[in-house]
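S.K.: Sequence annotations record features per position, and here TrEMBL assigns compositional bias 'Basic and acidic residues' to 57-86. Annotation comment: TrEMBL describes 89-101 as compositional bias 'Low complexity'. Residues annotated as domain 'RNA 2-O ribose methyltransferase substrate binding' in TrEMBL: 102-181. According to TrEMBL, the region 'Disordered' annotation covers 1-103.
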Amino acid sequence: MKRSGFSNQGGSRAGGNGPSSPNSPRPPRDGGRSGASTPRVQGARVQGGHGQGAHVSGERPRAQDGRADGAPRAERQAEGRGEPRGGAKKPTAPKATPKPGMLYGQHPVVAAWTNPERRCKALLATPAGLELMTEAFAQAKAAGLARPEPTVVEREALDRLLPAGAVHQGLVLDASPLPELDIADVARACGETDMVVVLDQVTDPHNVGAILRSAAAFGAKAVIVQDRHAPEVTGVLAKTASGALEVVPLVRVTNLSRALTELQDSGFFCVGLAESGPKPLHALDFPGRVAVVMGSEGDGLRRLTMERCDALAHLPTQPPIGSLNVSNAAAVALYEVARRR
C-alpha cells in the first residue's frame, strides 16, 4: 500500500484490494531511499533479560508505594491489603499520551513502512507483530528504503506506550510527519475529473480517519480541513484510516472559505451536503472537477461555507432516520460522485 501521491490522470479506480497509488506531488525526503537491507528479524535487538518485561526507552516508571521505613504496623498491613492510609484515594498512573507521529496497528504501520515519503525512526514489535511485517520488509528492501532495525519487545511494553484499549497488533512505529501540501499543490496534481473532500469543523479523529479511508477507496485526491477545527494526526486517526493516510493527503488550511474560492478558481465545482439542500445529490450534474463539502454532525455546514458552495444537495433517507453519521454520509456521497465519473 505504497503512497505515491496524486495522479495526473483523470479519476482513480476503487478496487476491492484497496486504492491504487497515483504519482506524488510531494517533494522527496532526505534519506528516503538507500541501499538498506531488509530489517533483521532474527537476532533483532531485545531489551530486557530472560523472564523480564521488555524495556522501552522513555517508558513510564512504575509508581512507588510511598511507604516510609518504620511506618506503624497497622498502616503497613492496611497498605498490604490495598487500603489507602487516612481514607485517601490511591494514586493512579497517568494515561499514556503517544507523541505525534507514533503509528500503531498492522495497516497503518505497513503502509507507512513501505511509503518512500515517510522517514521511519523506530519500529517496536512483538514476535507476532514481526510476522505481520514480513511482506513490508521485503517491499521496503526492494525499493531501497532506509529503515531502522526493529526492536523486539513484549506486548505489555506496547500497552504501556498507548492509550488504554488501543489495538496495536504488536506493532508501534515512530515516524516523521508527511510533507505538508496546500491547495495549489492539490490543484496542480488533480486531473480534469478528479474530486476532493472538504471538511467543515469535523473534529472527531475517528470520523476523519474513516473519511480518509472512503476517500482512498473511491479515488478522492485529498481531504482538506481547517487547521483549528480539525484533529491532529495521531495514531487513533491513522488506525481508523487503515493505511489511507499514506494514500490520500490530509491538507490543512487556515481559512476554509478562501480555500473553497481557490478550488473554484482551479475549476472545482463545490457541492455542499446539507439537509436543507434543495436537490438530492444524485440529481446534480458534476462537470469536471468536484469538491464534496461536508459539515460537522449536529451543526452541519456553517453559513459562510454554504454561501461559498456552487450548489447544495442532500442525501435522501427513510424515516425515522433523518441523517447519517458524517463518515457514513461521506462514503455514500463519494461513491455517488465516483459512479458518475
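Cβ atoms are placed via backbone N, Cα and C, with glycine included.
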S.K.: Please work out the mean pLDDT for the residues of the domain 'RNA 2-O ribose methyltransferase substrate binding' (102-181).
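M.R.: That stretch averages a pLDDT of 97.
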S.K.: By DSSP, what is the split of the domain 'RNA 2-O ribose methyltransferase substrate binding' (102-181) into helix, strand and coil residues?
M.R.: 30 helix, 16 strand, 34 coil
